[in-house]
Structure formats: C-alpha cells, structure tokens
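**Student:** Pasting a structure here, questions to come.
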Amino acid sequence: MSIYDSLNPMQRQAVFHTEGPLLILAGAGSGKTRVLTHRIAYLIQEKEVNPWNILAITFTNKAAQEMRERVDRIAGFGSDAIWVSTFHSTCARILRRHIDNLGYDTNFTIYDTDDQKSVIKDVCRRLNVDTKIFKERALLSQISHAKDNLITPDQMEMDAAGDFNQKKTAMVYREYQAALRKNNALDFDDLIVKTVELFQNCDRVLEYYQERFKYIMVDEYQDTNYAQFKFVSLLASRYENLCVVGDDDQSIYKFRGANIENILGYERVFPNAAVIRLEQNYRSTQNILNAANHVIANNAERKEKTLWTENEEGPKIHFRQFMNGFEEAEYIAGEISKAHREGLCQYRDCAILYRTNAQSRLFEEKFINANIPYKIVGGVNFYARKEIKDLLCYLKTVDNARDDLAVQRIINVPKRGIGATTLGRVQDYADKMGISLYEALRVAEEVPSIGRSLSKIDGFVTFIQMLKSKAQAYTVEDLLKEIIELTGYVKELEAEDTEEARARIENIDELISKTVTYQQTMEEQDQPATLAGFLEEVALVADIDTVDPEQDYVLLMTLHSAKGLEFPRVFMAGMETGIFPSYMSINYGDGSELEEERRLCYVGITRAMKELTMTCARQRMVRGETQYNKVSQFVQEIPRDLVDLGHTIQEKKPKMEQVFSSDSKYSQMKQIFQTKAYKPKEFKVTKADALDYQVGDTVRHMKFGVGIVKAIAEGGRDYEVTVDFDKVGVKKMFASFAKLKKI
DNA sequence: TCTCCATCGTTTTTT
DNA sequence: ACGATGGAGA
C-alpha cells in the first residue's frame with residue numbers, strides 16, 4: 001500500500017511521468033493540487049531528486065503555502081528546501097541576488113499601482129503630454145501590456161510606424177522606464193521582464209538556475225502571459241522537465257495579459273510533450289457540475305471536454321430574484337444565519353462571490369446587522385492605506401534613498417513646512433545635477449533661492465540619516481516604532497480623537513504586528529530578516545493570502561479572487577446582465593470578452609461543493625443611479641430541470657413596523673459601517689455587556705500573544721483595554737476588535 | 001503654505 | 001456615491 005494507490009489512473013500517470021515536458025489539462029475540482037503534491041513527493045522519495053532542485057510556481061502565496069504544507073505531510077521532510085512561490089516572488093528573489101548585472105541596485109524598491117500612477121503623472125508633466133487626452137490609466141495599461149509581451153520602448157516605437165498616438169505612448173513608456181531606473185525601482189511587470197532580461201544577458205546566471213531547477217512545475221498555466229512563458233521556458237530549456245497544469249476553461253486573466261496560447265500551443269512548443277487529461281471531478285455534486293458543463297459549452301473557443309463525477313446528485317441550484325440589492329443581501333445573510341443556527345454549516349463553509357468589489361458593501365451592512373462574522377477579500381489593499389503607505393515610505397527611504405517617490409511622500413508628513421515650491425526647487429536642482437532628490441536635499445544649501453526652508457530641510461535630512469545609521473542594528477519592528485515615535489505619527493492621530501483616527505491607529509498596530517510576524521518567520525526559516533525583505537513581502541502579498549482557514553468567517557470576494565478555492569456553500573450574487581456579464585464585455589470587444597465572462601461564471605459555479613445559490617435583483621444602485629437589469633444570460637444557460645426557482649419572485653411587502661425598525665437599525669448600522677471602512681477585515685461586534693476578563697487577568701491576543709490586562713476604560717461604544725504583552729509591550733485596544741481570551 | 005470647497009471622472013476583474 | 005483633484009481664499 002503506497003500513497004499513490006489512492007490516485008486514479010490518470011492522476012497516477014501524471015505523478016509518475018517525471019521526465020520531459022508534461023501538460024496536465026486538469027478540469028475544475030479534478031484534484032490537480034493533489035497530483036502536484038504527490039508528484040513532488042514522488043520525485044523526492046522514489047526518484048531521489050534533491051528537493052533543492054524543485055521549483056513550483058503557484059498563482060498566490062496562499063496556494064504556495066498550502067502546497068508546502070501538503071508536501072510536508074506526505075513526504076515527511078525536505079519540503080522546506082523546495083522553492084514554492086508565485087511568479088512575482090520567485091523573480092524578486094532572483095533579482096535581489098543578481099540585478100546588479102543590469103545596472104540596478106539589489107535593494108530596489110517595488111512599486112505598486114499608486115506609485116506607478118505618480119510616476120506616469122510626473123512623466124506626462126515633463127513631456128508635456130496632455131493627460132486629458134492620454135489618460136494615465138490607459139497609458140499604464142498599454143505599458144503593462146507591452147511588458148507582458150516583452151516589448152521594449154524601442155520596439156513599440158518601431159511598431160508605431162506613422163501612428164502618432166502610438167509613438168507618443170512609446171515616448172512615455174521610455175521616459176517611465178528611465179524614471180523607474182533612476183529611482184532604483186521596479187513595477188510588478190518589471191519583476192518578470194527584468195528576470196528574463198537577466199537570463200538573456202547573463203549566461204552564467206541562467207546556467208546556475210537551470211542547474212538548480214531541474215524540475216519545474218507551474219500551476220494555473222492558463223493564466224500565464226508571454227513574459228512568464230519566456231521565463232519558464234528559459235529556465236527549463238536545459239532539462240525540459242517542465243510540468244504545467246491548467247484548464248483553458250478557467251482562463252480569466254486575459255485583461256492582465258494572460259495568453260491562452262501558452263496552454264493551447266504547449267504541444268507545439270514542446271513537440272515531445274506528454275498530455276494528460278483529468279476529467280473526473282471530486283469536488284461538486286452532479287447538479288452543480290452539470291450546470292457548469294452546460295454554461296461553458298456555449299463557448300466556441302475551447303478544448304472540448306466534459307467533466308464527470310461519481311458524487312451524489314445533490315440539491316438543485318437555487319435561483320432567486322429580488323426587487324433590489326438590499327433584499328438580495330438580506331436573503332443571503334438570512335440563509336447563512338439559518339443554516340448556521342441549525343448546525344448545517346459553519347461560517348467558513350460559505351462564500352459569497354460577485355463580479356465587482358463594489359457589490360460587497362450591501363453584504364457588509366446586512367452581515368453586521370445579522371451578527372455574522374465575515375471577511376472581505378480584495379478592495380482597498382491594506383498596504384495602500386494612507387497611514388500604512390506613509391510609514392512604509394519612511395522605511396523605503398531608509399532602505400533605498402534613491403526612491404524619490406517615497407521621499408516626496410514623507411518629506412512633509414508630518415508637516416515640516418516644506419511645501420511644493422521648495423520641493424520643486426530642490427527637484428529642479430536634482431534634475432540639473434543628475435542626482436536623486438534625497439541627495440539634493442542633503443546638499444540643500446547649494447540649491448538656489450532656498451531661503452528659510454533650509455533649516456527645515458536640514459532637520460528632515462538629519463532625521464533620516466539618524467534612522468539610516470540605526471537601521472543596521474535595529475529590527476524592522478524597532479525601526480518602525482522609532483519612526484512612529486519620533487515623527488509623532490500616532491500621537492497626532494490620537495489628538496484627532498475621531499473614529500477614523502482610531503481606525504488608522506489600529507491599522508498601524510497591525511503593521512507593527514506584521515513586522516513581528518515577519519521577524520519570526522524569517523527566524524524559523526533561518527534566514528536574515530532584512531528591511532528590504534520585509535518591504536518586498538509587503539509589496540507582493542495579495543489580499544487572499546491573508547485568509548486564515550482556521551478562522552470561522554464567511555468569505556466575500558470577487559469571482560476572480562475565488563479561483564483555486566472551494567466551499568461547501570456558494571452564493572453567486574448579482575447575476576444580472578450588465579453586472580455579470582459586465583456591460584463592458586457586452587458593448588465593447590468582439591465577443592471574446594463575453595467568453596471570458598462565461599469562463600468566470602464557470603469558475604464561480606465550480607467553486608461550489610454541495611450547494612449553489614444564484615441571486616439577482618431587478619433594481620440596483622450602481623454609481624449613484626438606479627439600474628434595471630435582466631437576469632443574466634448565464635443563468636438561462638443552465639437547464640431548467642437543474643434549477644429550483646423558489647416561490648416565483650421574492651416579493652416582500654414591507655410592513656410598517658419593518659420600515660421603521662429597519663430604518664433605525666440602518667442608521668445605527670451606518671455609524672458602525674463608517675468606522676468599519678477602515679477596518680473591514682475584522683468582524684466588529686457591538687459592545688459586549690460585560691467582558692469576561694478584568695484588570696490583572698492574563699489574556700491571549702491573536703497576534704500579540706499573551707499579556708496581562710492593565711486597565712479597562714469605558715469608551716463610548718466599546719471598552720478600551722490596556723494590555724501589557726510579553727512580546728510586544730503595552731498596547732491599547734478596543735475590546736470588540738481585540739477579541740482577547742482569558743487564559 | 002495650508003485648508004476648504006466644487007468639480008470631475010470613475011470602476012471589471014489583480015500580482 | 002465616492003474619492004481625487006485643483007483652484008481660491010486665509
């Protein structure tokens with residue numbers, strides 16, 4: 001009896017086929033993660049491959065972590081030497097060691113979307129490009145697409161020929177790249193592009209990694225772009241042990257440059273590739289799978305296949321139409337509440353999937369009302385919050401003073417009386433001398449007509465220099481705390497004394513605890529905890545990575561975020577024409593967009609294991625105006641006999657008392673909602689009648705660990721508890737946020 | 001230099 | 001509806 005006996009014949013074939021290129025076409029729920037983990041175990045145990053020689057690329061950090069854990073469980077040991085991570089993290093790691101070959105510093109900064117926008121804006125201003133005609137967004141997306149396809153500014157300009165607009169874009173692209181280089185920064189796409197460039201320019205480096213990664217696996221291959229394809233094929237070109245797993249029906253990132261040709265043309269690129277299909281689904285009931293199969297069959301551009309299952313038939317797909325979005329949300333909240341009360345499911349068994357992030361709001365309202373714990377994935381990134389970005393920019397400046405953007409952001413935060421005029425003068429001087437902004441600040445006395453601002457600038461420079469000198473000896477945590485202390489950032493917020501300010505302080509505490517976690521993880525892995533490492537990790541996390549499977553909450557997310565996940569109970573909300581499929585895919589494009597939406601729908605349906613509910617509203621507020629939408633065509637594509645329609649339309653006659661009670665509840669709720677907007681990740685309960693701990697008790701906090709309660713103060717809607725933690729010292733927090741447990 | 005207010009556009013999805 | 005942006009006034 002071996003661990004491989006539990007696999008079906010196809011899965012076993014895939015596991016045992018270790019040499020040479022292999023394409024696994026894995027339908028939804030066909031156990032591909034199982035195949036990948038067993039394959040890694042097989043390589044290590046039976047083929048005696050050194051774990052060190054294995055590279056596995058996953059779509060998210062969360063998937064990477066899960067894969068490592070599962071390999072650990074079946075292979076027992078050695079899994080920590082396997083390199084499992086996302087494309088972006090993998091490339092960042094390689095570049096941190098070798099990017100000096102391309103003339104960058106190895107402590108480069110990674111720019112997020114906001115940073116990119118600032119750079120583009122600046123570039124347009126310098127080039128006199130009118131951003132009313134050339135939208136920053138459009139420019140960025142064109143640049144990004146060029147990078148996805150490894151097109152350089154020069155090439156873009158050549159391709160433009162006589163096209164004026166295209167030429168202008170190429171110009172902006174070139175200038176944008178120059179600005180990034182000057183700041184010693186890379187954007188997300190650059191991580192891949194520069195790694196490919198590195199491989200192409202430095203044979204030695206390429207050879208090293210080719211030898212190192214003798215066995216390569218890529219998950220979610222249908223969503224790779226050309227640059228990523230180039231990256232893996234360069235790596236694999238020596239041994240050709242490249243195993244890719246994907247499903248063309250689940251390709252949903254074309255808008256991000258994913259090239260479906262990568263998977264469809266795999267056999268052309270690797271003529272000796274073996275192809276294995278996994279078509280047995282182990283996840284969903286027959287009804288759910290049938291529905292999915294019928295929907296996806298409407299797509300013309302696909303590899304024909306039909307998933308089947310031996311699972312039970314299961315309940316029908318529930319479909320409900322409501323008068324408006326409120327009732328829709330209320331219904332779903334009610335259903336989850338009921339099922340939980342009756343012990344049919346835990347909260348974490350349920351997920352609500354929608355097309356756009358904006359749709360999460362209604363659910364948030366109703367969930368607070370119904371006291372259901374939930375977590376919203378996506379939306380505004382934690383690290384994109386103002387207070388977080390400010391502090392991170394301090395860290396960035398300490399780490400890489402060439403990052404002008406970071407310096408610009410913090411130079412007058414908190415207010416130091418250094419305004420736009422002064423900054424402009426220094427910037428001009430820096431440009432003229434060809435030095436970075438920070439260097440110019442250091443020699444500010446040489447800047448013409450700088451006047452009284454000089455002393456203020458000197459103060460700032462001294463401050464940063466002081467931090468820099470401490471950075472070597474300090475942990476990231478200490479450094480961050482020092483910055484907070486000396487800038488008075490938190491003090492300023494405390495003085496504001498608003499709900500909003502308190503929420504920001506909460507976020508800052510969260511950031512501190514993230515530095516602690518980082519330190520711990522690095523120590524566990526026996527790696528040095530560096531400032532650059534922390535900043536990199538922070539830049540490359542997706543919100544979905546922070547989902548904790550141990551915690552019992554309902555997950556709310558977009559269909560895109562749900563890729564790769566599964567839930568016993570799935571609710572697909574907003575099944576309306578114009579919402580899903582989005583109006584963009586209907587009005588623009590050539591129909592391929594609509595097919596992508598349909599694949600998205602297919603992904604959604606196949607997330608469900610036991611029960612699937614689709615809902616829609618007749619009337620919906622979108623961007624402040626009321627829309628009347630028809631039922632989504634995707635719903636119509638499911639055969640009638642698979643669907644349970646409930647009792648016609650869910651018409652709810654509002655009773656007087658309901659109007660009143662819900663009204664007052666709504667205003668109550670709205671208050672909470674506003675504070676929550678800064679802390680949407682945690683479920684907030686209303687003030688507990690009594691806390692089950694008191695001053696002097698020992699309590700445990702999820703992140704800060706064990707500590708002793710020093711004080712409890714009445715604070716309006718909530719208790720403010722002061723705790724002295726063993727690890728992180730004294731903290732003040734709100735009882736309902738902190739969820740302290742007496743021990 | 002900072003703060004307040006009006007105007008504008010934005011949204012489909014994300015590493 | 002909402003946030004970002006830019007202009008005007010203090």
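Here the Cβ of each residue, glycine as well, is placed from N, Cα and C on the backbone.
Grabbed the feature section from TrEMBL, which reads as follows:
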DOMAIN    A:5-285  domain 'UvrD-like helicase ATP-binding'
BINDING   A:Ala26, A:Gly27, A:Ala28, A:Gly29, A:Ser30, A:Gly31, A:Lys32, A:Thr33  ATP binding site
DOMAIN    A:286-564  domain 'UvrD-like helicase C-terminal'
**Student:** So, three-state DSSP: helix, strand or coil for A:Ser30 (ATP binding site)?
**Tutor:** coil
**Student:** Check each residue in the chain of A:Ala26 (ATP binding site) that is at least six apart in sequence and keep those whose C-beta is under 8 Å from its C-beta; list them in sequence order.
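**Tutor:** Non-local contacts for A:Ala26 (ATP binding site): A:Lys32, A:Val35, A:Val245, A:Gly246, A:Asp247, A:Arg277, A:Leu278.
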**Student:** Starting from the ATP site formed by A:Ala26, A:Gly27, A:Ala28, A:Gly29, A:Ser30, A:Gly31, A:Lys32, A:Thr33, give every other residue of that chain whose CB sits within 8 Å of the mean position of their CB atoms, in sequence order.
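**Tutor:** Going along the sequence, the neighbours appear as A:Val35, A:Asp247, A:Leu278, A:Asn281, A:Tyr282, A:Arg283.
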**Student:** Using a 10 Å radius around each Cβ and counting other Cβ atoms from all shown chains, which of the binding-site residues A:Ser30, A:Thr33 yields the largest count?
**Tutor:** A:Ser30
**Student:** Tell me the Cβ neighbour count for A:Lys32 (ATP binding site), meaning other Cβ atoms within 10 Å of its Cβ, over all protein chains shown.
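**Tutor:** Looking across every protein chain shown, the total is 22.
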**Student:** Far apart in sequence but close in space: which same-chain residues, 6 or more away, have a Cβ under 8 Å from A:Ala28 (ATP binding site)?
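**Tutor:** A:Ala28 (ATP binding site) has long-range Cβ partners A:Asp247, A:Asp249, A:Gln250, A:Asn281, A:Arg283, A:Ser284, A:Ala292, A:Leu307, A:Tyr602, A:Val603, A:Thr606.
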**Student:** Take the Cβ of A:Gly27 (ATP binding site) and count every other Cβ within 10 Å, whichever protein chain it belongs to.
**Tutor:** 24
